[in-house]
Structure formats: structure tokens, C-alpha cells
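Student: This is the structure I have questions about; it appears just below.
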Amino acid sequence: MSAPEASPTQYHEKLTIADEVQTIERLPIEDEEFSEDEIRKVRHKVDRRLISVCALLVMISLLDRSNLSNANIAGMSKDLELTVGTRYSIIVLSFFAPYIVAEIPCAYLVRKAGLRWSLPTITLAWGVVMLGFGFVHNWTVLIGLRIILGILEAGLFPALAYLLSLWYTRYEVHQRYAIYYMIGLGGSSLGGVLAYAFMQMKGVGGLAAWRWIFIMEALLTIVVAGIAFVLLVDYPQNAHKAWNFLTQREATMMLRRVERDRGDTEEDQEFELSRFLRPALDLRVWGYGMIWCFSTMPAYAVAYFLPQILNRELGFSTGVAQLLSTPPYIFAGLQMWFEGWLCDKIHRRFPVLLWNPVQTIVGLCLLSWTHTPGVQYFGTFLVTAGCNSNIPAVMAWQANNIRGHWTRMFCSAVLVSAGGLGGIIGALVFRSQDAPKYLPGMIACIV
């Protein structure tokens, strides 16, 4: 039998015995009133509603930030002269600086305003921004739009990671993170297929094919925002008020399970800046961030440059390259789901946190130093699955060891900021002049 993991780190929101007694008194329903079958049914009801909406938001976020690569090979590169110098890399990079800077402020604002309305609102806002991408005539305007997009998307990931941690116990959360990220990643991986479909609108309204990619995906974003306005739920304490969701008795049962697991179900902890920032003194928080950074660096590089590699290095046509960029993400989704199930079952995260980087390195080597297209394409599967599977693993690891609402929100923001740093590194080391192999970028990811 494996030893239990370390108890959650406790910062400013550590509850006193009196606090815990008061919390339990406000949760009058005992778990024993529910059979195991009833608990499983309620948990699955939460899964279907909460994870589905979170996955949609992640999917559209990843799709909107990475659709540059498909638009680039669909004619944007030629029309906006992005092959000159490092213009394309600069456009990719311009998303991440504001994304990093805005993470912690946006995490605070989203948490303060309430997740129920703030997340759909920012999704709607960046959908409108995405619409503007389809009408750009100068590459410098793309930079401005990417900066705005980075600011708006900054609040999403930490808020979703925090939201899921409110609903599940420590050894349920990895699989849920994996499922929602798997669905989101799998859906966003269809960007290549969607781009190919939207390219067929070339000439409609006098617009180029790449413009329709941005316009149609912007409309999808606005639709997803509308769905989130209707279906997204926030705190378990308020779940019985949500449309067609849980009864008060069922919501109380979910609250009690988390309270017994972690003891931090209080939602109304007062905000103080010193308390919010205190976890910054804990080196473990930055350790989680470093692992996240090194996981997202190759993940972003693959997202932004895989279609170009398939097109220019492996010799596939534009349409085929876009279609072939989807299967590696499907494989990645299956791997992260399996790892989530396994880690929750054995109560250990460390084995997959070791395995995934090794797998990524092997894939990068195959992609960089073999000359058989089939082997190189197999390498893209290993890279995509290895780096992306590490993301829900790190999310679950920090959620298991961090206690308190504001503290968990801060730590989630640190993780995602570190991920943005990984995106900056990925954009800088994958330079236009190194196409089509991008060998310096591959070496940087390996190192």
C-alpha cells in the first residue's frame, strides 16, 4: 500500500477548530444518507454539467490562440508579408507578455466578480476581438489584437482550475482535469479540420480563405460564450440555484465530501493583498510553475508550428497538413485521460511527471534527426501527448497540496503565468529563418 501524499499546504485561510465546527453545522446532510450509487449519480451529474462547459471554454480558448498557424499557411503569410524577418514569431509572442502580466490581476478580478458571469463575459469579449482578426490589412494590427486577446484570456485557465477544485476531492481531481483538458484539447485540435472547411469559403464576400478562418471561429466563440451564460455554475454553495442542476440536498453532499477531504469549503474568505500574495514566498509554488513552464514550451511550439512543419518539412499539401495536425492531439487526449485515471487510483502524480518529459524528448529527437516522414510524424504524437499530458498532472499536483480559496487561485495564476513564459520561449526559439526543420527550437525544447 502506498503512503499517503503530503497534507495540503496551509496558508492564510487555515481554518480553526471553531471554523470547522461552524462549517459542518451549516452542512446538515450526512453522507451516510446517500448510498454509494446515489453519490456516484450526483458526481456524474456534476461531471456532465461542469466539465462539459469548462471543456468548451478551454477548447475555444486554445483554438483562438493557436489558429494563427492554420491561417498562416492558408495565405495570411503572403498577404501580410509575414515571411519578412521574424514577423510571424513576433505576432505569436505578442500574446504572451500581456497574458503573463495580467494573470494574477485577472485571477483576483474574476474571483471577486464571481465565476458564474465573469467567465462567459470575457469569452464573449475575446470572440469580438477574434472577429477583428478577419479584417486586418497590416501585420502590426495583428500584434495589437493579440495583446488584447492575451489580456482577456488571462483569467480563464486559473479560474477553471480553481472552479474544478471546489467540487472534487483530492483523488478525483486529476481525472477531471484530464477529461476537461482532453475534451478542450481534442476539440481545439479540430482547428485544422475546421480551417480546411472554412478555407472553402474563399472568395465569399470578396474575402480571402484565411480571413474566413478567423471570422467563423470568432462566431463559434460567441456561441460558446452564450452557452456558458446559461449553463456555467460556480460555487457548490449556490448549485441548487442553477438552472436544472442539483437540489440543495445534493449540493450539500458534494460540499461535505470536499470539506471532509480538505476542510476549506468556505467561499466568503475576505480578500487582503498580503494574504493573497503570501504563497509567493513558498518555493514549492514556483517549482510547480517551473514544471508547467517547461511543459507548455513544447506544447505551444507544436500548436503554432506543427502545420508548417508538416507542410514544409514533411512535404504535405496545405489541406493535408491541416488535417494531419489533428490525430496527435487525439492521442494526447487519450494519454492524459489514462494518466488521470491511474494517478487518482494509486494516489501518486510523480511517475507520470517523470515519464511525460522523457516521452517528449524522444519525440523531439525523432522529429529532428530522422528523415523518414512516417517516423517524424510518429514523433509529433509523442511530443504532443507528452507535453500536454503533463499539464493536468501539474494542475492536480498543486491542487492536492494547496489549501484555501484565495491561495489556490493565486497558485493557479502562477502556473498559468509560467505557462505563458513557456509560450514566449517557444515563440522565440522557433524562428521563421529556421523553417522548415526549426532545429534550434527543437534543441531548446530538449534542453
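Even glycines carry a Cβ here, placed using N, Cα and C.
The transmembrane segment annotation in TrEMBL covers 50-68, 88-110, 117-137, 143-167, 179-198, 210-233, 285-307, 375-397, 409-430. Annotation source TrEMBL lists domain 'Major facilitator superfamily (MFS) profile' at 50-447.
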Student: Under a Cβ pair cut-off of under 8 Å, which of the recorded stretches 143-167, 179-198, 210-233, 285-307, 375-397 contacts the transmembrane segment (50-68) most often?
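Tutor: Going through each listed stretch, the top one turns out to be 179-198.
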Student: In the predicted model, what is the mean pLDDT computed over the domain 'Major facilitator superfamily (MFS) profile' (50-447)?
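Tutor: When the pLDDT values over the domain 'Major facilitator superfamily (MFS) profile' (50-447) are averaged, the result is 84.
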Student: For the transmembrane segment (375-397), what are the same-chain contacts with Cβ under 8 Å, counting residues 6+ beyond its ends?
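Tutor: Same-chain residues near the transmembrane segment (375-397) but 6 or more away: 161, 173-174, 177-178, 181-182, 185, 288, 291-292, 295-299, 302, 306, 309-310, 313-314, 324, 327-329, 331-332, 335-336, 339-340, 343, 349, 352-353, 356-368, 412, 415, 419.
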Student: By Cβ distance under 8 Å, which residues at least 6 away from the ends of the transmembrane segment (117-137) in the same chain are close to it?
Tutor: 57, 60-61, 64, 71, 80, 109-110, 145, 148-149, 152-153, 155-156, 159-160, 207, 211-215, 217-219, 221-222, 224-226, 228-229, 232
Student: By a Cβ-Cβ criterion of under 8 Å, what residues six or more beyond either terminus of the transmembrane segment (143-167) are in contact with it?
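Tutor: Contacts of the transmembrane segment (143-167) (Cβ under 8 Å, skipping residues fewer than 6 from its ends): 46, 50-51, 54, 57-58, 61, 64-65, 90-92, 94-100, 102-103, 106-107, 109-111, 115, 118-119, 122-123, 125-126, 129-130, 132-133, 136, 173, 176-177, 180, 234-236, 254, 258, 265, 395, 399, 405, 408-409, 412-413, 415-416, 419-420.
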Student: Are the transmembrane segment (179-198) and the transmembrane segment (88-110) close, by which I mean at least 3 Cβ pairs under 8 Å that are 6+ residues apart in sequence?
Tutor: no
